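Presented below is the structure to which this report refers.
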Amino acid sequence: MTVSKFVQIRRDLHRIPEIGFKEWETQQYILDYIGTLSLEFVEVKTWKTGVIVKVNGKNPEKIIGYRADIDGLPITEETGYEFASIHEGMMHACGHDVHTTIGLGLLTKAVSERIDDDLVFLFQPAEEGPGGALPMLESEELKEWKPNIILGLHIAPEYAVGTIATKEGLLFANTSELYIDLKGKGGHAAYPHTANDMIVAASHLVTQLQSVISRNVNPLDSAVITIGKITGGTVQNIIAEKSRLEGTIRTLSVESMKRVKSRIEAIVAGIEASFQCEAIIDYGAMYHQVYNHEELTREFMQFVHKQTDMNVITCTEAMTGEDFGYMLREIPGFMFWLGVNSEYGLHHAKLKPDEEVIEKAITFLSQYVKWKGNRK
C-alpha cells in the first residue's frame, strides 16, 4: 500500500531510534531531507547530534520556534511493524519519530509558503536523558536565532486523532532522577552478624520512602516518588555488600521538590546510621516544569477552536517530565498534547500511534504559524 511522503518519513525514522546524544543516523536523515528542499531562504546549523534550521521571513519582526525531540528509548520493540526498529534494544516508544516528522512537514510548508516572520526549527537530541533542551538553549549555535515565541507538542495515546489538549499555566511536573548507592559489609549467609546486609537496607529504604509523599507533601500539591529498579548482591548465599536504587521524583511545585529531596536525604542518613553503611545520593538529570504562557496558550486554543477542524480541550496538569520546560522558562510559548489513539501508552513496547495524525498536525500547525507569523 502506498503511503504519503510524511508517513513514510515517520516510518523511516521509526526504524532508526537512537538514545540521547547518539542520534547521528537520525541527524543525517534530517539533514538529507532538508537538502531536498529549496534552500534560498534557509540556513542550517548542527549542534551535537541535533539540527537547527532557520527559514528567513519576508519582513521579520520576531522569530517563531518549533521544537521537536528526536531521540528514542532503550526498549525492545514489540509492535509487529514491518518497519520496526533495526537497532536492537532501542525503540521510538515516546513518539519522537512523530514529533520530528511533523517538524519536517512544517518546515516543508514554511519553505514553500514563506511568512513575514522568521521561523526556527529545533530538532533537539536527548530529551529522554541526559537532557538536550537546556544546553541547546544555551549554545552559541542558537544564540543569534533564539526564538521570541516557541511551541512544542507531545503525542497522547489516550486522546483521539483530531484532538489536542493543553492548558494555561502548569502543564507538566518538575522531575528529577534519583539514584541511591548503599555500601555495607558483605559476608557469608551463615554468619549475618558479621556483615551489614545492603539488600535488607535497601528494602527498608524503599519502604520508608513511601512516607515522604504521604506525610510531607500537601495533598493538594501532587508529588510522586517511584523506585523503578533495585540491584544488589551476587549469588544466593552471600550477603550483599552493595545495593543500588534507581527511580524518579515528580512534583507540581519547585517548593515540593526541595521538600521531598530534603526528606529523602534525612531518611537515607537514618539508613546509614541504622545499618552502619555508606550512602551516596545522585539526583542525575532534573527537568524544569512545563509552564505554558497564559496569553499565548489561550490565543492558540481559541485559534484552533475557531479556525481549524481540530477539537481542542482543556486538560489537567500531568506528572510527566519534559525538558522543554527549560525553553519555556526563558521563552514565552506553550506545549500541547496531540491525540494519536493508541491502545498502548508512552514508553510501552507496543505503542502504535495512528499515522493519520501526521498530516492533520502539519496542516493545522501550518495554519497557526501562518496566522501568527503574518500578524503585526
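Backbone N, Cα and C define each Cβ position, glycine as well.
As annotated by Swiss-Prot, active site applies to D69. Residues annotated as active site, proton acceptor in Swiss-Prot, with sequence analysis given as evidence: E128.
Comparing E128 (active site, proton acceptor) with D69 (active site), their Cα atoms are 9 Å apart once rounded. Around the Cβ of D69 (active site), the same chain contributes H96, H99, T100, Q124, P125, E127, E128, G132, F324, each under 8 angstroms and 6 or more positions distant in sequence. A strand conformation is recorded for the residue listed as 'active site' in the three-state DSSP classification. The Cβ neighbour count for E128 (active site, proton acceptor), using a 10 Å radius and every protein chain shown, is 21.
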